[in-house]
Structure formats: structure tokens, C-alpha cells
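*Asks:* Could you have a look at this structure, given as C-alpha cells, before my questions?
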Amino acid sequence: MTVMKFDLIKKEGKARRGKISFPRGDIQTPAFMPVGTYGAVKSLSPVELKEMGADIILGNTFHLWLRPGTEIIKKHGTLHDFNGWDKPILTDSGGFQVFSLGKMRKLTEEGVTFKSPINGSKVFLSPEISMQVQRDLGSDIVMCFDECTPYPATEKEAKDSMELSMRWAKRSKDAHGDNPSALFGIIQGGMYEHLRDESLKALKEIDFDGFAIGGLSVGEPKEDMIRILDHTAHQMPEDKPRYLMGVGTPKDLVEAVYRGVDMFDCVMPSRNARNGHMFTSEGVVRIRNAKHKDDVSLLDPNCDCYTCQNFSRSYLHHLDKTQEILGSRLNTIHNLTYYQNLMKNIRQALEEGRFEEFRKEFLENYKG
């Protein structure tokens with residue numbers, strides 16, 4: 001029996017305003033989860049993440065298992081004790097990272113064998129091992145082990161991949177056993193709507209605490225992503241959280257909320273920040289462009305983050321050009337605050353019954 005509780009507070013069309021409750025704290029949805037692959041969101045402290053409004057962060061099973069390893073983390077207690085984040089943590093199962101290894105992996109019914117990207121040693125990962133690692137980490141939300149269907153894939157390739165993921169989903173559920181943490185199933189099936197239907201049906205029969213859409217934002221055209229979202233999101237169980245994995249841009253988030261999604265994660269705001277690619281209320285600003293060299297204006301006058309309250313575009317441009325670590329930090333603080341504020345504004349619009357109006361205005365005004 002999971003300790004997670006989900007409350008659907010309000011709906012507008014397909015868009016949902018909700019709350020996911022855990023002993024470690026509540027997650028107001030729609031929610032964006034900053035990505036802390038190795039247990040830390042790059043350059044930021046837990047205090048800073050809380051100040052910007054994050055209710056939950058994402059850690060990566062694959063990377064934490066390889067380094068530092070669960071034995072070291074268990075000496076502290078859980079991942080929360082190790083990294084100082086006392087709110088909920090979701091851990092990805094490692095399936096996507098194995099997928100990204102490409103030809104360096106060997107896939108069988110039992111699991112995946114691959115060379116460690118750290119020291120080249122032979123490593124084996126299976127649904128059972130992934131569930132044990134996530135139990136050891138003390139994850140609040142555990143993701144079942146799956147194979148992320150590559151793009152492009154023929155219908156047969158997508159079907160074979162999806163069916164393997166469904167068998168692994170059942171093994172994940174069995175191995176999860178009496179773990180009170182929430183376990184989410186992952187819908188696969190590539191760009192084929194009927195395969196997505198088959199996958200969702202299988203996952204409903206296994207019965208999970210939440211449902212995720214996987215295998216999107218892997219190189220497919222935007223219209224295909226929207227088509228699969230349109231087809232799939234509203235069919236997911238109404239009484240459980242819906243999570244879109246690895247997506248995406250501010251526009252993607254607004255459009256996915258419109259289609260009924262509750263949870264998101266993406267490396268984009270933090271990774272792009274380190275490359276001087278800033279998200280603002282008016283669209284994307286590329287701070288390393290020469291035109292910002294003598295621009296004394298604030299990055300985003302509509303933003304309340306530390307960066308926007310204290311530093312000019314000119315200074316941020318200077319930090320980027322000189323590759324100062326502070327530049328990465330200030331940029332990351334801004335981008336993640338922007339994403340958290342976007343979700344807060346979406347939640348408020350849903351509470352006030354004006355999300356459709358908010359969406360229309362956002363899509364008209366946001367450039368990039």
C-alpha cells in the first residue's frame with residue numbers, strides 16, 4: 001500500500017489542478033521537477049531550490065547506482081540524507097540512460113548488459129535490480145524499468161520494444177513488493193497510437209500508483225509529440241498522477257497541461273542556462289550575444305529571482321564570456337525560477353477558471 005495520496009482539486013477542460021501528498025511533503029500540480037541526475041541540481045543548493053518553489057526533484061537511478069553506489073548512500077540513510085533535500089524525490093529507473101548508450105548495450109529478456117561509462121567494467125541492470133536500487137535510495141516515487149523506444153522505429157520495432165517494457169513493468173511491480181513508495185508505470189509504443197493504447201491497457205491491468213508517458217522528446221517532430229499526447233493523456237486514469245517524461249520547453253509544458261498532464265521534468269532549463277540560453281517572460285534571450293555587452297537592463301523585469309533583482313544583462317554577458325562559475329549559477333537560478341513561476345501561474349489560472357485564456361495569451365506572446 002503506497003503512502004502517496006493524489007487529490008484532483010479542479011479541472012478546466014482536460015487541464016487539471018491537483019495535489020500529490022507524501023509524508024515528506026506535498027507536491028502542487030501541475031509541477032515541474034528540477035533534474036538532479038547525480039543527486040544535485042547542478043550548481044544549486046537545496047535551500048535555493050526550495051526558495052524558488054520546487055516541491056520535488058528528480059534523481060537518476062543509473063548514475064547514482066554507478067557512482068557513488070547505494071552502499072555509500074545507505075551509510076547516510078537515504079538519498080535525502082545524503083544530499084540534504086528533505087522533500088520528495090522521484091528517481092528515473094535507468095531505462096532511458098541505458099537507451100542512450102546505443103550500441104554499447106546488449107538487450108535480453110532478463111535485462112541489459114553494458115559497459116560502465118565510468119570505468120568500462122561490465123554491468124547488468126534488470127527490473128529487479130532497478131527496484132532494489134530505488135528502494136535503497138529511499139525514493140518517494142519509483143519508476144518502473146523500461147526500454148525507451150528509439151526514434152525512428154518501425155511498427156514492429158516499436159511493438160517488440162513496448163511489449164518487452166510491459167513484461168518488465170510486471171516484473172518491476174512484483175519486485176517493488178511491500179515498498180510503501182509510489183510506483184509509476186511508463187507508457188511506450190513509439191509514434192503508433194494503437195501501440196500506446198495497448199501499453200496503457202497493460203499498465204492499467206498491472207495497476208500502478210501513477211502513469212507516465214515515455215519515449216517522447218527523443219528526436220521526433222513536434223507535431224508527432226503533440227499527436228501522441230492528444231491521443232494518450234486523457235485516457236490515463238483520472239484518479240492518479242500523469243507524468244510526461246523529459247519534456248520540455250515552456251510552450252511544451254503549457255500545451256501538455258492543456259491536454260491533462262500533471263508532472264514534468266527536463267534538463268533544458270538548467271543545461272541551457274549553462275550555455276547562456278535564458279527563458280524569460282517574453283521568450284528566449286541568448287545572453288552571450290554581443291548586443292547584451294552594454295545592456296544595463298535587467299534580464300527579465302517580470303521575474304522575482306535573485307539574478308533578475310540584482311544583475312544587468314551586461315554583467316551576465318560578461319560572466320558568460322569569461323566563463324565564470326557564478327554565471328552558470330545565476331543563469332540556473334533564473335531559468336529554474338522561471339519554470340517554477342510558470343507552473344505557479346498555470347496553477348493559479350486553473351484555480352481561477354481562466355487557464356484557456358492564460359494559454360492563448362502565453363502562446364501569442366512567448367517567442368522561442
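Positions of Cβ are set from backbone N, Cα and C atoms, glycine also.
According to Swiss-Prot, the protein has these features:
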ACT_SITE  Asp92  active site, proton acceptor
ACT_SITE  Asp265  active site, nucleophile
BINDING   Asp92, Ser93, Gly94, Gly95, Phe96, Asp146, Gln188, Gly215  substrate binding site
BINDING   Cys303, Cys305, Cys308, His334  Zn(2+) binding site
REGION    246-252  region 'RNA binding'
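What's the neighbourhood like for these features in this structure?
*Replies:* Here Asp92 (active site, proton acceptor) comes close to Leu58, Gly59, Asn60, Thr61, Phe62, Met143, Met245: these same-chain residues lie at least six apart in sequence, with C-beta atoms under 8 angstroms from its C-beta. When secondary structure is read from DSSP and collapsed to three states, Asp92 (active site, proton acceptor) falls in the strand class.
There are 22 other Cβ atoms within 10 Å of the Cβ belonging to Asp265 (active site, nucleophile).
The DSSP secondary structure for Cys308 (Zn(2+) binding site) is helix.
In terms of DSSP secondary structure, the region 'RNA binding' (246-252) contains 3 helix, 0 strand, 4 coil.
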*Asks:* Do you know offhand how many angstrom separate Cys308 (Zn(2+) binding site) and Ser93 (substrate binding site) by C-alpha?
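*Replies:* Here the two Cα atoms lie 36 Å apart.
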*Asks:* Please find, for Asp92, Ser93, Gly94, Gly95, Phe96, Asp146, Gln188, Gly215 as listed binding substrate, the greatest distance between any two Cα atoms, in Å.
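*Replies:* Looking at Asp92, Ser93, Gly94, Gly95, Phe96, Asp146, Gln188, Gly215 as a set, their Cα atoms extend up to 15 Å apart.
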*Asks:* So for His334 (Zn(2+) binding site), how many other CB atoms are inside 10 Å of its CB?
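*Replies:* So the number of other Cβ atoms within 10 Å of His334 (Zn(2+) binding site) is 27.
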*Asks:* Most Cβ neighbours within 10 Å: which of the binding-site residues Gly94, Gly95, Gly215 is it?
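*Replies:* The most densely surrounded of these binding-site residues is Gly215.
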*Asks:* Name the residue among the binding-site residues Ser93, Gln188 whose Cβ has the smallest number of other Cβ atoms within 10 Å.
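*Replies:* Looking at the binding-site residues Ser93, Gln188, the Cβ with the fewest others within 10 Å is that of Ser93.
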